[in-house]
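Listed in Swiss-Prot for this protein:
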type: BINDING; residues: Glu53, Lys54, His55, Thr56, Ser57, Phe58, Gln59, Trp60, His61, Gln72, Thr567, Leu568, Leu569; note: FAD binding site
type: BINDING; residues: Lys77, Asn282, Glu283, Val284, Phe285, Asn312, Ser570; note: substrate binding site
type: BINDING; residues: Gly235, Gly236, Gln237, Ser238, Asn312, Tyr313, Ser314; note: NADP(+) binding site
type: REGION; residues: 488-511; note: region 'Disordered'
type: COMPBIAS; residues: 491-505; note: compositional bias 'Polar residues'
Amino acid sequence: MSQMSITSQVIYDLVGLGFGPSNVAIAGALVDKWASPNSDAKSRSFQNVLFIEKHTSFQWHPGMLIPGAQMQISFLKDLATLRSPQSPITFLNYLHSQNRLASFINRGSTTPSRKEYADYLGWAARYVQDHGVKVNYGQEVIAIDEDADGLIGITSKDVTTNEIYTYKTRNLVISPGGSPRIPLTIAPLMNEPSVINDSTVLHSSAYLTSVDRLFQSLTRSSSSRRPFKIAVVGGGQSAAEVSLNLRERLSSIAFEGSVGHQVDMIIGRGSLKPSDDTPFSNEVFDPMTTDTWFGSSQHNRDRMITEYKPTNYSVVNPRTINAVRHVSPSLIYDQKVDDAIAARTLEDKTSGTSPARINIRANMRIVSLKYDDKNSTDSSSSPTTKSSSAFTLTLQNTHTPHTLHASAYDAIICATGYQRTGWIDMFKRSKRLGKHFGIGAEGAARVKLVPLDKRQRVDVDTLFDETAISSDVSSTASSSLYSVSGSDNSAASGVSGASTPLTSPSEEEGKSDVNLYISRRYRLLPVSTSSYEKTKTRDDDASEGVKMKARIYVQGVEEMTHGLSDTLLSVIGPRAGEVVEDLFAEE
């Protein structure tokens, strides 16, 4: 059966890939500009705006909307307040529209719950749609390219019907979000049918939407009522929240034996580290810090990444650490008290329920994984008893590397962060578009975002000729994306880098790197026509040498060029304002 293809006859002024918070903020800035009494003819004519979203409705981290989870930032760092406090899509306006403003004030806290913030984002998404912004949900973008007229063509596929849609736009904004990063030792299991059916291996991004199915698979045929043991890989905020929620769920399941249910947090460092959210450190997330970061040398940007990494990476909010260590009840300390009492009284618990244990497996690195599918269950067949755990992890203590530990688990949850690399593959697969940026189908070992300031914007061609790069330019316009350090298992041990290369060095080893230049206002800067002509081959169409007309922007992937706040919500409002202003700026 052939796929149906539908081509839009509209030439859009702007198409956005994705409709998460970043692009909702862009849409909000456009709606505000349209409504402004100072809007000019150009902004009033800039009305054909479309966003394409893979999910069938607006969603924001549905897998991590764990009951009781709190945001880590002030409600004032919303979609618009730092850009324009008068905007209709501020968090305060949301509260007022829901008749909860006074109640929120009475809470005495500036951080909303994650559940409430997700509802706010959905409210804002509906608002911009009601005010002229079109959103096509349920379509996954599969290709982008430039056409003969210099417009950007977008190809998407309906996630339900597989119908193919094509669109054309004068401007493009790419806000890809993050895709789950899975340790290489665990990744092969993500395609195992029995694992998929039972949700016994998950990324934390899918935790809440899959955990019920996981527990159904664990308890479906456990006639022996043996205790369960679940591994949580990672040492950051998500890992701690997932571990606490697993403990709560396991504590209500009866078991038989002297040892109850357990949750093992497998972390690469010696302990859970608290996030640095002190006022002075938080200044690194201020909008004006973006200017400092962008204008700094490569050396200084690397130094700032190292200095401020404890504000966001592989760290846990102190309140959550206290929950793991001291409260609900005293968890780890209370477990030690229980052990001492049991040993003194010779108590041997043989059945019933009791609080599940959380164990911190510190300084651990995952060496290998064995999966025994005979101990898994298939929901499509007759239930069978799980006599033992399905997964065996071989762990190596980094302090005693010659000693290996084999631990059996019933399920594995990977709270190992995200990667933001998929969007660059569309440039590499394109026939024309990628070549404007020096990216061809054959690719390079790495594609690296590099800041290019107007003060340094001599002919862009000279920046692609290493012999012509002056020492002043090369100190700022140089390799920029921070690689994850360590082995392939660095993510498995809960150690995340500040960002990942746009393409993996191991994928195309031995080839030269490509610098992908970006402006202060998040616009990708193409190689000029003369340099582009040098890359043409006999197979290229004659139209490919045309100077690029469209503008392309990226959001949420420029951490090393624009600062640590770029993948977070902290500057989402001001950034949207800057992108929209640049859209209307004259060349």
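Placed from the backbone N, Cα and C atoms, the Cβ positions cover glycine too.
Features per Swiss-Prot, on structure.
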| residue | record | DSSP (3 states) |
| --- | --- | --- |
| Ser57 | FAD binding site | coil |
| Lys77 | substrate binding site | coil |
| Gly235 | NADP(+) binding site | coil |
| Val284 | substrate binding site | helix |
| Ser314 | NADP(+) binding site | coil |
| Thr567 | FAD binding site | helix |
Taking Gly235, Gly236, Gln237, Ser238, Asn312, Tyr313, Ser314 as the record's NADP(+)-binding set, what's the max Cα pairwise distance in Å, rounded to a whole number?
12
At the Cα level, what's the spacing in Å between Tyr313 (NADP(+) binding site) and Thr567 (FAD binding site), rounded?
12
Measure from the Cβ of Gly235 (NADP(+) binding site) and count the other Cβ atoms within 10 Å, all protein chains considered.
29
Cα-nearest neighbour of Asn282 (substrate binding site) within the listed binding-site residues, Glu53, Ser57, Gln59, His61, Ser314:
Ser314
Could you measure between His55 (FAD binding site) and Glu283 (substrate binding site) for me? Cα positions, answer in whole angstrom.
34
Just counting, how many other CB atoms are there within 10 A of the CB of Gln59 (FAD binding site)?
19
Of the residues named as FAD binders, Glu53, Lys54, His55, Thr56, Ser57, Phe58, Gln59, Trp60, His61, Gln72, Thr567, Leu568, Leu569, how far apart in Å are the Cα atoms of the most distant pair?
27
Quick note, His61 (FAD binding site) and Gln237 (NADP(+) binding site): C-alpha atoms separated, nearest Å, by 14
